[in-house]
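Enquirer: Swiss-Prot lists these features:
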DISULFID  Cys66-Cys94  disulfide bond
DISULFID  Cys97-Cys164  disulfide bond
DISULFID  Cys102-Cys108  disulfide bond
DOMAIN    63-169  domain 'Expansin-like EG45'
DOMAIN    183-264  domain 'Expansin-like CBD'
CARBOHYD  Asn34  N-linked glycosylation site
SIGNAL    1-24  signal peptide
Amino acid sequence: MGSLTTNIVLAVAVVAALVGGGSCGPPKVPPGPNITTNYNAPWLPARATWYGQPYGSGSTDNGGACGIKNVNLPPYNGMISCGNVPIFKDGRGCGSCYEVKCEQPAACSKQPVTVFITDMNYEPISAYHFDFSGKAFGAMACPGKETELRKAGIIDMQFRRVRCKYPGGQKVTFHVEKGSNPNYLAVLVKFVADDGDVIQMDLQEAGLPAWRPMKLSWGAIWRMDTATPLKAPFSIRVTTESGKSLIAKDVIPVNWMPDAIYVSNVQFY
């Protein structure tokens, strides 16, 4: 009889745990709707965290899930952030820009600063979640209060989408990824002004009129797989989220190499 009673108690406990979620951690918050190119949208609430070194640019390799490297250097200058699902958008949010600010705790300056999305973080702590580099998180603080703000760990914040601006003369830039060859071309795109993010890239081979759609590989990297060798130089058409397009004519030359950077002469201005 005692065994039966014990089994009943255990069964009730299991059901209660299932009904209650069976978890001691914080509740998981579903992601919000995707952020679009509505630049007149009001400020939205989010939660902010930070990672890496206190004054650093996030990842130890100065990169992230977009594939963009050296984010510690200009023009990013370490002012970068991971975005959750509706911000990162499986890589199609890479390069987009946001004004961010906080009002509490007291160390917050309440003044907006601009960050670039170069990484992802899917921790379900808020409908919108920015996981900043240490430098970017501290930039929301009053002067001299950066360390105090970082000690807060997780804070409430506000954000809004803004157009990306780069220093004068900065053009759309392409990096041919390691492992690329005449039958497999993988290209990272960066320094895209205005919308910042790219929703489609197309490639035109030398001497051919047709544009061939590239596939999003991961992050900000687009690829072309082909059974027949591609003929350089290559022109690349870049289309951003709002539907704007530009063409980088013959941007990847005849003697192109893997792991090489090619700077175009065009920009979304």
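These residue numbers are counts, starting from 1, taken along the chain as shown.
Glycine is treated like the rest: Cβ placed from N, Cα and C.
As the structure is a computational prediction, the values presented were derived from the model and not from experiment.
Structural setting of the listed features?
Expert: Every protein chain shown contributes to the tally, and the Cβ of Cys94 (disulfide bond) ends up with 31 other Cβ atoms within 10 Å.
Other C-beta atoms found within 10 angstroms of the C-beta of Cys164 (disulfide bond) number 22, with every protein chain shown included.
Cβ neighbours within 10 Å of Cys108 (disulfide bond), excluding its own Cβ and spanning all shown chains: 20. Annotation note: Cys108 (disulfide bond) sits in a strand segment as assigned by DSSP.
Sequence-distant neighbours of Asn34 (N-linked glycosylation site) (same chain, 6+ apart, CB under 8 A from its CB) are Pro86, Lys89.
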Enquirer: Is Cys102 (disulfide bond) helix, strand or coil when read with DSSP?
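Expert: Once the DSSP labels are grouped into three classes, Cys102 (disulfide bond) ends up as coil.
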Enquirer: State the three-class DSSP label for Cys164 (disulfide bond), counting H, G and I as helix, E and B as strand, and everything else as coil.
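Expert: Assignment for Cys164 (disulfide bond) reads strand.
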Enquirer: Check each residue in the chain of Cys102 (disulfide bond) that is at least six apart in sequence and keep those whose C-beta is under 8 Å from its C-beta; list them in sequence order.
Expert: Ala48, Cys108, Lys110, Met140, Leu149, Ile155, Asp156, Met157, Gln158
Enquirer: Determine how many residues of the domain 'Expansin-like CBD' (183-264) DSSP places in helix, in strand and in coil.
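Expert: Counts, helix then strand then coil: 0 helix, 45 strand, 37 coil.
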